[in-house]
Amino acid sequence: MKFYVQKHWTTVLGILFVLAAFLYLFQFSVDQGWLTDTLKIAIGLLTGAGAALAGAAIFRLKADQLANHPARRLIGECLTGTGAALLYITFSFAGIYYALWDSMTVFLCMMAVTLAVALFAYRYQLRLLLQVALLGALLAPLVMRPETDQVFTLFLYLFVLNTASFFVSIRKDWLEARLLPFGGTWLLYTVYFFHFEPPVDGIWSMPFRYAVAAYLFYLIALGWSSWKKNKQFEGLNMYAGIVNAVLFGLWSLALLDGFVPYSVPLAAMGMLYLIYALILFKLTKQASPAYHTKLAGGLFLLLIAASQLGTGSVYRPLIGVMLWSVIAGAVLIAGQKLRMNSIKAAALGIWVVVGLYWFVVTWDTPRVDWFGVYVPFFNWGAFAWILLAVIGFYASVKVKFDRTQSSAQVFFSRLTAFLSHLVVGGLLTVQVNGLYHSYDMPLLHELALSITWGIYALLLFLWGAYSQQRVFRYFGSTVLVMVALKALLFDLSGTQTIYKALTLLILGGISFTISAVNAKWSSREQDQNDKETQEDTPSLDSGES
(Lines of atoms letter the chains of each structure in order from A and count residues from 1; the text may use other names and numbers.)
(Lines give C-alpha, C1' and ligand atoms only; values in the text may rest on other atoms or scores of the structure.)
Protein backbone atom coordinates (compact mmCIF):
# COMPACT_ATOMS: atom_id res chain seq x y z
CA MET A 1 0.00 0.00 0.00
CA LYS A 2 2.88 2.39 0.81
CA PHE A 3 4.36 2.05 -2.71
CA TYR A 4 0.93 2.47 -4.26
CA VAL A 5 0.21 5.67 -2.34
CA GLN A 6 3.63 7.13 -3.17
CA LYS A 7 3.05 6.40 -6.85
CA HIS A 8 -0.50 7.68 -7.30
CA TRP A 9 -1.25 10.19 -4.56
CA THR A 10 -0.68 13.21 -6.82
CA THR A 11 -3.06 11.76 -9.42
CA VAL A 12 -5.75 11.24 -6.80
CA LEU A 13 -5.19 14.75 -5.45
CA GLY A 14 -5.58 16.24 -8.93
CA ILE A 15 -8.83 14.36 -9.51
CA LEU A 16 -10.04 15.49 -6.09
CA PHE A 17 -9.46 19.12 -7.09
CA VAL A 18 -11.36 18.59 -10.35
CA LEU A 19 -14.30 16.98 -8.57
CA ALA A 20 -14.39 19.74 -5.96
CA ALA A 21 -14.34 22.36 -8.73
CA PHE A 22 -17.19 20.57 -10.50
CA LEU A 23 -19.17 20.45 -7.26
CA TYR A 24 -18.77 24.13 -6.50
CA LEU A 25 -19.53 25.04 -10.12
CA PHE A 26 -22.63 22.89 -9.90
CA GLN A 27 -23.69 24.62 -6.68
CA PHE A 28 -22.95 28.05 -8.19
CA SER A 29 -25.26 27.30 -11.10
CA VAL A 30 -27.93 26.31 -8.59
CA ASP A 31 -27.54 29.56 -6.67
CA GLN A 32 -27.70 31.61 -9.89
CA GLY A 33 -30.71 29.74 -11.22
CA TRP A 34 -29.13 29.21 -14.64
CA LEU A 35 -30.41 25.68 -15.15
CA THR A 36 -33.53 23.83 -14.13
CA ASP A 37 -33.21 20.95 -11.69
CA THR A 38 -34.16 18.39 -14.31
CA LEU A 39 -31.54 19.72 -16.72
CA LYS A 40 -28.86 19.66 -14.02
CA ILE A 41 -29.63 16.03 -13.23
CA ALA A 42 -29.58 15.14 -16.92
CA ILE A 43 -26.21 16.85 -17.44
CA GLY A 44 -24.76 15.06 -14.42
CA LEU A 45 -26.03 11.66 -15.53
CA LEU A 46 -24.84 12.09 -19.11
CA THR A 47 -21.42 13.46 -18.14
CA GLY A 48 -20.82 10.79 -15.53
CA ALA A 49 -22.02 7.93 -17.69
CA GLY A 50 -20.03 9.21 -20.67
CA ALA A 51 -16.78 9.47 -18.70
CA ALA A 52 -17.32 6.03 -17.15
CA LEU A 53 -18.04 4.41 -20.52
CA ALA A 54 -15.05 6.11 -22.14
CA GLY A 55 -12.78 4.81 -19.40
CA ALA A 56 -14.30 1.34 -19.57
CA ALA A 57 -13.75 1.24 -23.33
CA ILE A 58 -10.01 1.48 -22.77
CA PHE A 59 -10.09 -1.76 -20.80
CA ARG A 60 -11.65 -3.55 -23.76
CA LEU A 61 -8.21 -3.48 -25.38
CA LYS A 62 -6.18 -6.64 -25.31
CA ALA A 63 -4.14 -7.39 -22.22
CA ASP A 64 -0.78 -7.04 -24.01
CA GLN A 65 -1.78 -3.61 -25.34
CA LEU A 66 -2.58 -2.39 -21.83
CA ALA A 67 0.62 -3.88 -20.48
CA ASN A 68 2.70 -2.02 -23.07
CA HIS A 69 0.88 1.27 -22.44
CA PRO A 70 0.57 1.84 -18.65
CA ALA A 71 -0.52 5.44 -19.31
CA ARG A 72 -3.64 4.13 -21.07
CA ARG A 73 -4.48 2.03 -18.04
CA LEU A 74 -4.04 5.03 -15.75
CA ILE A 75 -6.23 7.21 -18.01
CA GLY A 76 -8.87 4.49 -18.10
CA GLU A 77 -8.94 4.23 -14.31
CA CYS A 78 -9.14 7.99 -13.88
CA LEU A 79 -11.93 8.39 -16.46
CA THR A 80 -14.01 5.52 -15.10
CA GLY A 81 -13.52 6.61 -11.49
CA THR A 82 -14.33 10.23 -12.31
CA GLY A 83 -17.45 9.16 -14.18
CA ALA A 84 -18.61 7.09 -11.21
CA ALA A 85 -17.86 10.01 -8.89
CA LEU A 86 -19.94 12.35 -11.09
CA LEU A 87 -22.82 9.89 -10.96
CA TYR A 88 -22.56 9.80 -7.17
CA ILE A 89 -22.57 13.59 -7.09
CA THR A 90 -25.71 13.63 -9.23
CA PHE A 91 -27.44 11.13 -6.94
CA SER A 92 -26.45 13.21 -3.95
CA PHE A 93 -27.86 16.35 -5.59
CA ALA A 94 -31.11 14.69 -6.61
CA GLY A 95 -31.79 12.67 -3.47
CA ILE A 96 -30.04 14.43 -0.61
CA TYR A 97 -29.56 18.07 -1.54
CA TYR A 98 -32.96 18.77 -3.12
CA ALA A 99 -34.95 15.59 -2.37
CA LEU A 100 -36.10 15.43 -6.01
CA TRP A 101 -35.84 11.64 -5.84
CA ASP A 102 -37.24 9.52 -3.06
CA SER A 103 -35.03 7.36 -0.85
CA MET A 104 -35.70 4.13 -2.74
CA THR A 105 -34.76 5.66 -6.09
CA VAL A 106 -31.45 6.91 -4.71
CA PHE A 107 -30.86 3.54 -3.06
CA LEU A 108 -31.41 1.60 -6.31
CA CYS A 109 -29.24 3.98 -8.34
CA MET A 110 -26.50 3.75 -5.72
CA MET A 111 -26.76 -0.03 -5.77
CA ALA A 112 -26.39 -0.16 -9.55
CA VAL A 113 -23.39 2.18 -9.80
CA THR A 114 -21.64 0.80 -6.72
CA LEU A 115 -22.08 -2.77 -7.91
CA ALA A 116 -20.67 -1.87 -11.32
CA VAL A 117 -17.69 -0.03 -9.81
CA ALA A 118 -16.95 -2.84 -7.35
CA LEU A 119 -17.13 -5.56 -9.99
CA PHE A 120 -15.05 -3.58 -12.47
CA ALA A 121 -12.38 -2.77 -9.89
CA TYR A 122 -12.38 -6.37 -8.68
CA ARG A 123 -12.17 -7.82 -12.18
CA TYR A 124 -9.34 -5.62 -13.51
CA GLN A 125 -7.43 -4.87 -10.25
CA LEU A 126 -8.30 -1.16 -10.47
CA ARG A 127 -7.44 0.33 -7.08
CA LEU A 128 -7.27 3.88 -8.40
CA LEU A 129 -10.73 3.57 -9.95
CA LEU A 130 -12.27 2.56 -6.63
CA GLN A 131 -10.35 5.25 -4.81
CA VAL A 132 -11.54 8.04 -7.11
CA ALA A 133 -15.14 6.81 -7.02
CA LEU A 134 -15.11 6.74 -3.22
CA LEU A 135 -13.67 10.23 -3.00
CA GLY A 136 -16.38 11.61 -5.24
CA ALA A 137 -19.12 9.74 -3.41
CA LEU A 138 -17.99 11.06 -0.03
CA LEU A 139 -17.19 14.56 -1.20
CA ALA A 140 -20.61 15.21 -2.75
CA PRO A 141 -22.77 15.15 0.42
CA LEU A 142 -19.99 16.93 2.29
CA VAL A 143 -20.07 19.95 -0.04
CA MET A 144 -23.77 19.98 -1.02
CA ARG A 145 -25.53 20.01 2.34
CA PRO A 146 -29.32 20.35 2.03
CA GLU A 147 -31.56 22.75 3.88
CA THR A 148 -34.09 20.04 4.74
CA ASP A 149 -33.49 16.82 6.64
CA GLN A 150 -32.65 14.04 4.15
CA VAL A 151 -30.56 12.03 6.58
CA PHE A 152 -32.24 8.68 5.95
CA THR A 153 -31.39 8.91 2.26
CA LEU A 154 -27.82 9.75 3.22
CA PHE A 155 -27.79 6.74 5.55
CA LEU A 156 -28.80 4.39 2.72
CA TYR A 157 -26.26 6.09 0.46
CA LEU A 158 -23.42 5.48 2.92
CA PHE A 159 -24.56 1.97 3.78
CA VAL A 160 -24.32 0.85 0.14
CA LEU A 161 -20.99 2.61 -0.29
CA ASN A 162 -19.45 1.06 2.83
CA THR A 163 -20.73 -2.44 2.12
CA ALA A 164 -19.29 -2.55 -1.39
CA SER A 165 -16.01 -0.93 -0.35
CA PHE A 166 -15.41 -3.35 2.50
CA PHE A 167 -16.28 -6.30 0.28
CA VAL A 168 -13.67 -5.35 -2.32
CA SER A 169 -11.19 -4.34 0.37
CA ILE A 170 -11.45 -7.71 2.11
CA ARG A 171 -11.20 -9.74 -1.09
CA LYS A 172 -8.28 -7.74 -2.51
CA ASP A 173 -6.67 -6.58 0.75
CA TRP A 174 -6.86 -2.93 -0.31
CA LEU A 175 -6.57 -0.97 2.91
CA GLU A 176 -7.56 2.39 1.47
CA ALA A 177 -10.93 0.94 0.47
CA ARG A 178 -11.59 0.47 4.20
CA LEU A 179 -10.10 3.70 5.48
CA LEU A 180 -11.80 6.11 3.07
CA PRO A 181 -15.42 5.14 3.80
CA PHE A 182 -14.66 4.70 7.50
CA GLY A 183 -13.21 8.18 7.93
CA GLY A 184 -15.67 9.76 5.50
CA THR A 185 -18.73 8.31 7.21
CA TRP A 186 -17.81 9.56 10.68
CA LEU A 187 -16.86 12.94 9.20
CA LEU A 188 -20.22 13.20 7.44
CA TYR A 189 -22.01 12.21 10.64
CA THR A 190 -20.27 15.03 12.51
CA VAL A 191 -20.86 17.63 9.78
CA TYR A 192 -24.54 16.77 9.34
CA PHE A 193 -25.21 16.72 13.08
CA PHE A 194 -23.96 20.28 13.51
CA HIS A 195 -25.56 21.35 10.22
CA PHE A 196 -29.08 20.17 11.07
CA GLU A 197 -28.87 20.33 14.88
CA PRO A 198 -31.43 17.51 15.19
CA PRO A 199 -33.50 17.18 18.37
CA VAL A 200 -32.07 14.79 20.94
CA ASP A 201 -35.27 14.13 22.86
CA GLY A 202 -34.60 10.82 24.54
CA ILE A 203 -32.40 7.80 24.91
CA TRP A 204 -33.26 6.31 21.51
CA SER A 205 -33.12 9.49 19.45
CA MET A 206 -32.42 9.41 15.71
CA PRO A 207 -28.84 10.75 15.99
CA PHE A 208 -28.03 8.05 18.53
CA ARG A 209 -29.56 5.34 16.30
CA TYR A 210 -27.36 6.37 13.38
CA ALA A 211 -24.29 6.42 15.64
CA VAL A 212 -25.11 2.93 16.92
CA ALA A 213 -25.61 1.69 13.36
CA ALA A 214 -22.23 3.07 12.23
CA TYR A 215 -20.44 1.71 15.29
CA LEU A 216 -21.87 -1.81 14.97
CA PHE A 217 -21.29 -1.89 11.21
CA TYR A 218 -17.59 -1.09 11.57
CA LEU A 219 -17.21 -3.38 14.58
CA ILE A 220 -18.53 -6.31 12.53
CA ALA A 221 -16.87 -5.29 9.25
CA LEU A 222 -13.41 -4.79 10.75
CA GLY A 223 -13.71 -8.07 12.64
CA TRP A 224 -14.78 -9.90 9.50
CA SER A 225 -11.89 -8.33 7.59
CA SER A 226 -9.42 -9.62 10.18
CA TRP A 227 -11.03 -13.06 10.14
CA LYS A 228 -10.70 -13.35 6.36
CA LYS A 229 -7.07 -12.27 6.59
CA ASN A 230 -5.97 -15.57 8.13
CA LYS A 231 -7.40 -14.62 11.53
CA GLN A 232 -4.93 -11.75 11.93
CA PHE A 233 -6.76 -9.36 14.22
CA GLU A 234 -3.91 -6.93 14.78
CA GLY A 235 -2.57 -4.16 12.58
CA LEU A 236 -4.67 -1.53 10.86
CA ASN A 237 -7.99 -3.22 11.61
CA MET A 238 -7.20 -3.17 15.32
CA TYR A 239 -6.30 0.54 15.28
CA ALA A 240 -9.40 1.40 13.23
CA GLY A 241 -11.48 -0.54 15.76
CA ILE A 242 -10.00 1.54 18.59
CA VAL A 243 -10.80 4.77 16.73
CA ASN A 244 -14.32 3.49 16.06
CA ALA A 245 -14.85 2.80 19.77
CA VAL A 246 -13.49 6.21 20.80
CA LEU A 247 -15.69 8.08 18.31
CA PHE A 248 -18.82 6.21 19.30
CA GLY A 249 -18.02 6.59 22.99
CA LEU A 250 -17.66 10.36 22.67
CA TRP A 251 -20.86 10.69 20.65
CA SER A 252 -22.85 8.47 23.01
CA LEU A 253 -21.71 10.54 25.99
CA ALA A 254 -22.83 13.72 24.24
CA LEU A 255 -26.15 12.36 22.95
CA LEU A 256 -27.22 10.61 26.17
CA ASP A 257 -26.20 13.41 28.52
CA GLY A 258 -29.14 14.27 30.75
CA PHE A 259 -31.06 11.07 29.99
CA VAL A 260 -28.94 8.29 31.47
CA PRO A 261 -25.67 8.29 33.42
CA TYR A 262 -22.69 8.07 31.13
CA SER A 263 -21.77 4.83 32.89
CA VAL A 264 -24.57 3.03 31.00
CA PRO A 265 -23.14 3.28 27.44
CA LEU A 266 -19.63 2.72 28.76
CA ALA A 267 -20.72 -0.43 30.57
CA ALA A 268 -22.51 -1.69 27.46
CA MET A 269 -19.42 -1.09 25.33
CA GLY A 270 -17.23 -2.73 27.97
CA MET A 271 -19.33 -5.90 28.02
CA LEU A 272 -19.37 -5.95 24.22
CA TYR A 273 -15.57 -5.80 24.04
CA LEU A 274 -15.16 -8.47 26.70
CA ILE A 275 -17.39 -10.77 24.64
CA TYR A 276 -15.39 -9.81 21.54
CA ALA A 277 -12.12 -10.66 23.34
CA LEU A 278 -13.50 -14.05 24.40
CA ILE A 279 -14.57 -14.81 20.82
CA LEU A 280 -11.12 -13.81 19.54
CA PHE A 281 -9.41 -16.11 22.01
CA LYS A 282 -11.69 -19.01 21.10
CA LEU A 283 -11.08 -18.48 17.38
CA THR A 284 -7.33 -17.89 17.41
CA LYS A 285 -6.39 -20.05 20.42
CA GLN A 286 -3.78 -17.46 21.40
CA ALA A 287 -3.47 -14.19 23.28
CA SER A 288 -2.90 -11.87 20.31
CA PRO A 289 -2.38 -8.08 20.60
CA ALA A 290 -5.95 -7.58 19.39
CA TYR A 291 -7.19 -9.85 22.18
CA HIS A 292 -5.25 -7.87 24.78
CA THR A 293 -6.56 -4.61 23.32
CA LYS A 294 -10.20 -5.70 23.43
CA LEU A 295 -9.82 -7.21 26.89
CA ALA A 296 -8.05 -4.19 28.36
CA GLY A 297 -10.49 -1.79 26.68
CA GLY A 298 -13.51 -3.71 27.94
CA LEU A 299 -12.18 -3.88 31.49
CA PHE A 300 -11.24 -0.20 31.43
CA LEU A 301 -14.72 0.82 30.27
CA LEU A 302 -16.37 -1.39 32.89
CA LEU A 303 -14.22 0.09 35.62
CA ILE A 304 -15.07 3.64 34.57
CA ALA A 305 -18.76 2.72 34.50
CA ALA A 306 -18.54 0.98 37.86
CA SER A 307 -16.90 3.99 39.45
CA GLN A 308 -20.04 6.04 38.79
CA LEU A 309 -22.57 3.73 40.41
CA GLY A 310 -24.18 5.26 43.47
CA THR A 311 -23.11 8.79 42.57
CA GLY A 312 -24.63 11.27 45.00
CA SER A 313 -25.48 8.59 47.56
CA VAL A 314 -23.89 8.02 50.97
CA TYR A 315 -23.70 4.35 50.01
CA ARG A 316 -21.51 4.98 46.98
CA PRO A 317 -18.26 3.72 48.62
CA LEU A 318 -19.95 0.47 49.64
CA ILE A 319 -21.50 -0.03 46.19
CA GLY A 320 -18.18 0.68 44.50
CA VAL A 321 -16.24 -1.72 46.72
CA MET A 322 -18.76 -4.53 46.23
CA LEU A 323 -18.87 -4.10 42.46
CA TRP A 324 -15.14 -3.70 41.96
CA SER A 325 -14.49 -6.71 44.18
CA VAL A 326 -16.81 -8.80 42.02
CA ILE A 327 -14.99 -7.54 38.92
CA ALA A 328 -11.60 -8.37 40.46
CA GLY A 329 -12.79 -11.87 41.38
CA ALA A 330 -14.25 -12.49 37.92
CA VAL A 331 -11.09 -11.29 36.18
CA LEU A 332 -8.94 -13.42 38.50
CA ILE A 333 -10.97 -16.54 37.69
CA ALA A 334 -10.75 -15.70 33.99
CA GLY A 335 -6.98 -15.40 34.31
CA GLN A 336 -6.89 -18.79 36.00
CA LYS A 337 -8.96 -20.39 33.25
CA LEU A 338 -6.94 -18.79 30.46
CA ARG A 339 -3.62 -19.28 32.31
CA MET A 340 -2.51 -15.74 31.58
CA ASN A 341 -0.24 -13.98 34.07
CA SER A 342 -1.18 -10.50 32.85
CA ILE A 343 -4.87 -11.01 33.63
CA LYS A 344 -4.11 -12.44 37.07
CA ALA A 345 -1.81 -9.51 37.86
CA ALA A 346 -4.45 -7.00 36.71
CA ALA A 347 -7.10 -8.63 38.90
CA LEU A 348 -4.85 -8.61 41.96
CA GLY A 349 -3.93 -4.99 41.30
CA ILE A 350 -7.63 -4.08 41.34
CA TRP A 351 -8.07 -6.09 44.54
CA VAL A 352 -5.25 -4.25 46.33
CA VAL A 353 -6.53 -0.81 45.28
CA VAL A 354 -10.10 -1.64 46.32
CA GLY A 355 -8.88 -3.00 49.67
CA LEU A 356 -6.87 0.14 50.42
CA TYR A 357 -9.81 2.32 49.45
CA TRP A 358 -12.16 0.34 51.72
CA PHE A 359 -9.76 0.61 54.67
CA VAL A 360 -9.85 4.39 54.28
CA VAL A 361 -13.59 5.00 53.75
CA THR A 362 -15.19 2.18 55.75
CA TRP A 363 -15.22 4.14 59.03
CA ASP A 364 -17.59 6.79 57.63
CA THR A 365 -19.68 4.57 55.33
CA PRO A 366 -23.12 3.31 56.48
CA ARG A 367 -23.27 -0.46 57.04
CA VAL A 368 -26.71 -1.02 55.43
CA ASP A 369 -28.27 -3.21 58.10
CA TRP A 370 -30.82 -5.85 57.16
CA PHE A 371 -34.36 -5.07 58.39
CA GLY A 372 -33.02 -2.01 60.20
CA VAL A 373 -31.38 -4.11 62.94
CA TYR A 374 -27.63 -4.45 63.34
CA VAL A 375 -26.45 -8.05 63.34
CA PRO A 376 -22.66 -8.55 63.45
CA PHE A 377 -21.24 -10.10 60.27
CA PHE A 378 -24.67 -10.01 58.64
CA ASN A 379 -24.75 -6.60 56.97
CA TRP A 380 -23.55 -5.29 53.64
CA GLY A 381 -20.48 -3.66 55.15
CA ALA A 382 -19.39 -7.04 56.51
CA PHE A 383 -20.11 -8.69 53.16
CA ALA A 384 -17.70 -6.26 51.48
CA TRP A 385 -14.94 -7.25 53.93
CA ILE A 386 -15.70 -10.95 53.51
CA LEU A 387 -15.65 -10.70 49.71
CA LEU A 388 -12.23 -9.03 49.78
CA ALA A 389 -10.90 -11.66 52.19
CA VAL A 390 -12.22 -14.56 50.09
CA ILE A 391 -10.54 -13.20 46.96
CA GLY A 392 -7.25 -12.77 48.81
CA PHE A 393 -7.22 -16.25 50.35
CA TYR A 394 -8.20 -17.79 47.02
CA ALA A 395 -5.28 -16.00 45.36
CA SER A 396 -2.90 -17.15 48.10
CA VAL A 397 -3.86 -20.81 47.81
CA LYS A 398 -4.84 -21.30 44.16
CA VAL A 399 -3.18 -18.66 41.98
CA LYS A 400 0.12 -19.70 40.42
CA PHE A 401 2.12 -17.60 38.00
CA ASP A 402 3.62 -19.50 35.09
CA ARG A 403 7.36 -19.34 34.46
CA THR A 404 7.94 -17.91 37.95
CA GLN A 405 10.64 -19.03 40.36
CA SER A 406 9.45 -21.01 43.36
CA SER A 407 10.82 -18.44 45.82
CA ALA A 408 8.87 -15.65 44.11
CA GLN A 409 5.73 -17.79 44.13
CA VAL A 410 6.12 -18.47 47.88
CA PHE A 411 6.59 -14.75 48.54
CA PHE A 412 3.46 -13.94 46.53
CA SER A 413 1.43 -16.54 48.42
CA ARG A 414 2.57 -15.22 51.79
CA LEU A 415 1.99 -11.59 50.80
CA THR A 416 -1.59 -12.16 49.61
CA ALA A 417 -2.35 -14.24 52.71
CA PHE A 418 -0.90 -11.49 54.93
CA LEU A 419 -3.03 -8.82 53.23
CA SER A 420 -6.08 -11.06 53.49
CA HIS A 421 -5.53 -11.46 57.23
CA LEU A 422 -5.36 -7.68 57.54
CA VAL A 423 -8.78 -7.62 55.85
CA VAL A 424 -10.05 -10.14 58.41
CA GLY A 425 -8.71 -7.94 61.20
CA GLY A 426 -10.50 -4.97 59.72
CA LEU A 427 -13.72 -6.97 59.49
CA LEU A 428 -13.56 -7.99 63.16
CA THR A 429 -12.72 -4.48 64.34
CA VAL A 430 -15.46 -2.77 62.35
CA GLN A 431 -18.11 -5.26 63.43
CA VAL A 432 -17.22 -4.85 67.13
CA ASN A 433 -17.32 -1.08 66.71
CA GLY A 434 -20.77 -1.55 65.19
CA LEU A 435 -21.92 -3.30 68.37
CA TYR A 436 -20.64 -0.41 70.45
CA HIS A 437 -22.40 2.24 68.33
CA SER A 438 -25.65 0.30 67.85
CA TYR A 439 -26.25 -0.92 71.39
CA ASP A 440 -24.42 1.74 73.45
CA MET A 441 -22.00 -0.44 75.42
CA PRO A 442 -19.10 1.92 76.23
CA LEU A 443 -17.83 -0.15 79.18
CA LEU A 444 -17.62 -3.37 77.15
CA HIS A 445 -16.30 -1.83 73.96
CA GLU A 446 -12.58 -2.15 74.71
CA LEU A 447 -13.00 -5.58 76.30
CA ALA A 448 -14.86 -6.81 73.23
CA LEU A 449 -12.09 -5.47 71.01
CA SER A 450 -9.48 -7.33 73.05
CA ILE A 451 -11.43 -10.59 72.79
CA THR A 452 -11.91 -10.07 69.07
CA TRP A 453 -8.24 -9.45 68.46
CA GLY A 454 -7.40 -12.48 70.58
CA ILE A 455 -9.60 -14.56 68.27
CA TYR A 456 -7.82 -12.88 65.37
CA ALA A 457 -4.46 -14.06 66.77
CA LEU A 458 -5.88 -17.59 67.01
CA LEU A 459 -6.97 -17.42 63.37
CA LEU A 460 -3.46 -16.40 62.38
CA PHE A 461 -1.99 -19.43 64.16
CA LEU A 462 -4.57 -21.70 62.54
CA TRP A 463 -3.71 -20.35 59.10
CA GLY A 464 -0.03 -20.83 59.79
CA ALA A 465 -0.69 -24.45 60.73
CA TYR A 466 -2.83 -24.99 57.63
CA SER A 467 -0.38 -23.40 55.20
CA GLN A 468 2.77 -24.51 57.09
CA GLN A 469 4.19 -20.98 57.08
CA ARG A 470 6.07 -19.73 60.15
CA VAL A 471 5.54 -16.07 59.28
CA PHE A 472 1.92 -16.28 60.47
CA ARG A 473 3.02 -17.80 63.78
CA TYR A 474 5.18 -14.70 64.31
CA PHE A 475 2.38 -12.42 63.18
CA GLY A 476 -0.11 -14.12 65.51
CA SER A 477 2.35 -13.98 68.41
CA THR A 478 2.78 -10.23 67.89
CA VAL A 479 -0.98 -9.67 67.89
CA LEU A 480 -1.42 -11.82 71.02
CA VAL A 481 1.26 -9.90 72.93
CA MET A 482 -0.33 -6.58 71.97
CA VAL A 483 -3.76 -7.85 73.06
CA ALA A 484 -2.34 -8.96 76.42
CA LEU A 485 -0.73 -5.56 77.03
CA LYS A 486 -3.92 -3.76 76.03
CA ALA A 487 -6.11 -5.91 78.25
CA LEU A 488 -3.90 -5.78 81.34
CA LEU A 489 -2.84 -2.13 81.16
CA PHE A 490 -5.85 -0.29 79.73
CA ASP A 491 -9.06 -2.32 79.49
CA LEU A 492 -9.55 -3.44 83.11
CA SER A 493 -9.67 -0.01 84.74
CA GLY A 494 -13.20 1.29 85.41
CA THR A 495 -14.87 -1.98 84.43
CA GLN A 496 -17.03 -4.16 86.65
CA THR A 497 -15.25 -7.15 88.21
CA ILE A 498 -17.45 -9.76 86.56
CA TYR A 499 -16.61 -8.42 83.09
CA LYS A 500 -12.92 -8.33 83.95
CA ALA A 501 -12.97 -11.95 85.06
CA LEU A 502 -14.97 -13.06 82.03
CA THR A 503 -12.64 -11.25 79.64
CA LEU A 504 -9.53 -12.70 81.23
CA LEU A 505 -11.01 -16.21 81.15
CA ILE A 506 -11.83 -15.89 77.45
CA LEU A 507 -8.36 -14.56 76.66
CA GLY A 508 -6.88 -17.38 78.73
CA GLY A 509 -8.90 -19.93 76.77
CA ILE A 510 -7.71 -18.38 73.51
CA SER A 511 -4.10 -18.54 74.72
CA PHE A 512 -4.45 -22.23 75.68
CA THR A 513 -6.00 -22.99 72.28
CA ILE A 514 -3.10 -21.25 70.56
CA SER A 515 -0.69 -23.29 72.71
CA ALA A 516 -2.43 -26.50 71.61
CA VAL A 517 -2.24 -25.49 67.95
CA ASN A 518 1.39 -24.50 68.38
CA ALA A 519 2.26 -27.78 70.12
CA LYS A 520 0.59 -29.86 67.44
CA TRP A 521 2.31 -27.82 64.77
CA SER A 522 5.72 -28.27 66.46
CA SER A 523 5.12 -32.01 66.88
CA ARG A 524 4.30 -32.38 63.22
CA GLU A 525 7.40 -30.43 62.24
CA GLN A 526 9.54 -32.64 64.52
CA ASP A 527 8.10 -35.82 63.00
CA GLN A 528 8.77 -34.51 59.52
CA ASN A 529 12.36 -33.57 60.41
CA ASP A 530 12.97 -37.02 61.96
CA LYS A 531 11.62 -38.69 58.83
CA GLU A 532 13.88 -36.62 56.58
CA THR A 533 16.88 -37.44 58.81
CA GLN A 534 16.17 -41.17 58.59
CA GLU A 535 15.91 -40.98 54.81
CA ASP A 536 19.23 -39.15 54.54
CA THR A 537 21.15 -41.48 56.98
CA PRO A 538 22.38 -44.83 55.49
CA SER A 539 21.31 -47.94 57.42
CA LEU A 540 23.85 -50.10 59.38
CA ASP A 541 22.87 -53.21 57.45
CA SER A 542 23.73 -51.66 54.15
CA GLY A 543 27.08 -50.49 55.57
CA GLU A 544 28.08 -53.94 56.91
CA SER A 545 27.18 -55.71 53.76
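Glycine residues also receive a Cβ, built from the backbone N, Cα and C atoms like all the rest.
The annotation compositional bias 'Basic and acidic residues' is assigned in TrEMBL to 522-534.
What TrEMBL lists as compositional bias 'Polar residues' is 536-545.
The annotation region 'Disordered' is assigned in TrEMBL to 522-545.
The transmembrane segment annotation in TrEMBL covers 104-121 (among others).
Summarising the annotation, TrEMBL assigns transmembrane segment to 150-170 (among others). Note on the transmembrane segment (150-170): residues 91-92, 95-97, 99, 103, 106-107, 110-111, 114-115, 117-118, 121-122, 130, 134, 137-138, 141, 176-178, 180-182, 185, 188, 192, 196, 198, 206, 210, 213, 217, 221, 224-225, 228-229 of its chain, located 6 or more positions outside it, place their CB under 8 angstroms from a CB of the stretch.
For 177-195 (among others), the entry in TrEMBL reads transmembrane segment.
The annotation transmembrane segment is assigned in TrEMBL to 236-256 (among others).
Annotated transmembrane segment per TrEMBL: 262-281 (among others), in sequence order.
Per TrEMBL, transmembrane segment is recorded for 293-311 (among others).
Annotated transmembrane segment per TrEMBL: 317-335 (among others), in sequence order.
Residues annotated as transmembrane segment in TrEMBL: 342-360 (among others).
Feature annotation from TrEMBL assigns transmembrane segment to 380-399 (among others). Here the transmembrane segment (380-399) has Cβ contacts under 8 Å with residues 318, 321-322, 325-326, 328-329, 332, 335-336, 344, 348, 351, 354-355, 358, 362, 365-368, 412-414, 416-417, 419-420, 423-424, 426-427, 430-431, 434, 467 of the same chain, all six or more residues outside its ends.
Sequence annotations record features per position, and here TrEMBL assigns transmembrane segment to 411-431 (among others).
Taken from TrEMBL, the feature transmembrane segment applies to 443-464 (among others).
Per TrEMBL, the feature transmembrane segment maps to 501-521 (among others).
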Quick tally over 104-121, 177-195, 293-311, 342-360 of CB pairs under 8 Å to the transmembrane segment (317-335) gives the top stretch as 342-360
Where, among 236-256, 293-311, 342-360, do we find the most CB pairs under 8 A to the transmembrane segment (411-431)?
-> 342-360
Between the stretches 177-195, 293-311, 342-360, which wins on the count of C-beta pairs under 8 angstroms to the transmembrane segment (236-256)?
-> 177-195
Spatial neighbours of the transmembrane segment (342-360) not adjacent in sequence (6+ beyond its ends, CB under 8 Å) are 292, 295, 299, 303, 317, 320-321, 324-325, 327-329, 331-332, 334-336, 384-385, 388, 391-392, 395, 399, 401, 416, 419, 423, 426
